[in-house]
Amino acid sequence: MEMESMASAIGVSVPVLRFLLCFVATIPVSFFHRFVPGGPAARHLYAAFTGALLSYISFGFSSNLHFFVPMLISYASMVLYRKRCGIISFLSAMGYLIGCHVYYMSGDAWKEGGIDATGSLMVITLKVISCSINYNDGLLKEEDLRESQKKNRLIKLPSLIEYVGYCLCCGSHFAGPVYEVKDYLDWTERKGIWTKSEKGSPSPLGATLKALLQAAFCMGLYLYLVPHHPLSRFSEPIYKEWGFVHRLSYQYMSGFTARWKYYFIWSISEASLVVSGLGFSGWTNSSPPKARWDRAKNVDVLGVEFAKSSVELPLVWNIQVSTWLRHYVYDRLVQKGKKAGFFQLLATQTVSAVWHGLYPGYMIFFVQSALMIAGSRAIYRWQQSVPPNAVILKKTFMLMNFAYTLLVLNYSCVGFMVLSLEETLAAYGSVHYIGTVIPVVLILLGNIIKPKPARSKARKEA
């Protein structure tokens, strides 16, 4: 009864409240990881046990069973068939995730304010795939590997307790961020950048407090905005009575409102990873040196809202998943000696869509994202061709790319929010598919009008 009264007081369901309490509890759980006695083995056990316990309290016993299916299949593939463990893990883990998405209708649950374990399963899916692929890379010659592969490859198979600790540590499987197994092992064993040095141990308090303050602000703004911009408005008669500009502005505000929920979630995750120490990513070159916590950062709020081009968005939104997609999908689809093209971009966005769930809105959104980025690249190429002395024209192109990104992003994300094909097409059609037409036109023009890079008038003296 007390949980029900608390839930109704803040306007959420009891399962969502239970999840939020466990989610926030990852912060003290992560903090106490620092003081676990007994060396690396004890810390792996602590990570595995606390992660499983929080999952059980939040989602019930079945959640851990779901998590262990892809975890054990992927681990077995590394033990039994290392040569193909990467592709086996990718297909089995993604296949199981898709099955859970379909069975639980997770997108509908999230849309209606519910919660289930598939969101956490999404993060674990990425972890087990990257671990298997990195172990697969350990068989390859170093000269055949990219820098990211050299950095993350595994020569030795992690033990089962190391592997489970990696998957469930710090409650990061609740909402990310994704991190590499090699970083987790180095952190647990106090190796690499976590080795004690003359610079001392970095204090996480300032960065943790900053993340918590950001989380509080984001949740406050979201709770203020969401009653004024409900998704149900898209199917209400009043929306159809509005003019084109009013409809377009409502789409912008709906997308703007929804993003603050994600900002809150990722800020809590950031605080959890920072306070554990795992979020530490090295020292700056300043004097005195300052600790960097980039590994914990999953979003740059101002970077998203004021992105100068669509190309910047993957660098500032869901940062660690974007990095994962680049390292384990995008880069690996590019043949050696060739450049990436629209195919690699579209394939990567398709994998991202399927990972989120088999809803038409997700598919349309990520195809739209590929178009949006390609259109933005066309504008950027024209901008780069402008002579350095044509300052006004160059700034015009910059402003054009900013406005284009603002328009197409918020138009596109309607599909991500409403999910159904009918509602997505109705919302897009209500503004004459402007966010689809403009990127397509820009891509076509970019193939017709191929600018040459501006050359400096300065010449090298012989």
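In case you wondered, yes, glycine gets a Cβ from its N, Cα and C as well.
Copied over from TrEMBL, here are the features:
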TRANSMEM  12-33  transmembrane segment
TRANSMEM  45-73  transmembrane segment
TRANSMEM  85-105  transmembrane segment
TRANSMEM  207-225  transmembrane segment
TRANSMEM  262-283  transmembrane segment
TRANSMEM  359-380  transmembrane segment
TRANSMEM  401-419  transmembrane segment
TRANSMEM  425-449  transmembrane segment
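The list of residues near the transmembrane segment (45-73) in space but at least 6 beyond its ends in sequence, with Cβ under 8 angstroms from a Cβ of it, reads 18-19, 22-23, 25-26, 29, 33, 36, 88-89, 92-93, 96-97, 100, 115-117, 120-121, 124-125, 128, 161, 163-171, 173-174, 188. Panel annotation: around the transmembrane segment (401-419), residues 107-108, 111, 231, 234, 248, 251-252, 254-256, 258, 306-310, 312-313, 359-362, 364-365, 368-369, 372, 375-376, 379-380, 383, 427-428, 431, 434-435, 438-439, 442 of the same chain, lying at least six beyond its termini, place a Cβ under 8 Å from a Cβ of the stretch. Contact between the transmembrane segment (12-33) and the transmembrane segment (262-283) is present: at least three CB pairs lie under 8 Å, with pairs separated by 6 or more positions in sequence. At the 8 Å Cβ cutoff, the transmembrane segment (207-225) and the transmembrane segment (262-283) share at least 3 close pairs (sequence separation 6 or more) and count as touching.
The list of residues near the transmembrane segment (85-105) in space but at least 6 beyond its ends in sequence, with Cβ under 8 angstroms from a Cβ of it, reads 66, 69-70, 73-74, 77-78, 116-118, 121-122, 125, 128-129, 131-133, 135-137, 354-355, 357-358.
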